[in-house]
């Protein structure tokens, strides 16, 4: 059963919500199916049938409640139920929204951002490590530069060079002393030691003057200075 309401087609369910559009026979049939007693006076008048239908047969919550105690109690429950549904709907919408909406207004662009600068903060961090000292400057030179040699190589080579110079001086002095003390005649070689005997090595003690001279000739040992690298 379908009809037209306001120039548009309506389904049967929509017609049940508008009893004024229903026929008198349909209203009586609906009330009888609901087991609602209808008096003879009410059967004759369609307006009375419509009121009875709205009171007992129309789908909830469009149904009109009676003006008694039970009707007032049901009306309060209906209002409470509607308020609860509204709160549930609003909470569901808020739950779906991950974060609150940001409303942009032009006033936020007028704020200025201030950056606090320290006296030595960023400048010290941007300084290269080569400015720490001259030794570190030489150390951080690339290996391709042939003009300067890293101080580590110089420090490692110094003791070896001093030892070789000292040994050369000792051999030269020993040679001069032997020529001075040896006679003009031929030098006799010592007899060969027999087999099985171990040769005895004699050490000649150098005089005090020569020892002092060698000590003066020996350059002072250069101590390797430990450079502590401090990171900014």
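Placement of Cβ uses the backbone N, Cα and C atoms for every residue, glycine included.
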Residue among 50, 118, 197, 214 with Swiss-Prot annotation phosphothreonine is 197
In Swiss-Prot, the phosphoserine annotation, restricted to 142, 182, falls on 182
Look through 150, 189 and state which residue has the annotation phosphoserine in Swiss-Prot.
-> 189
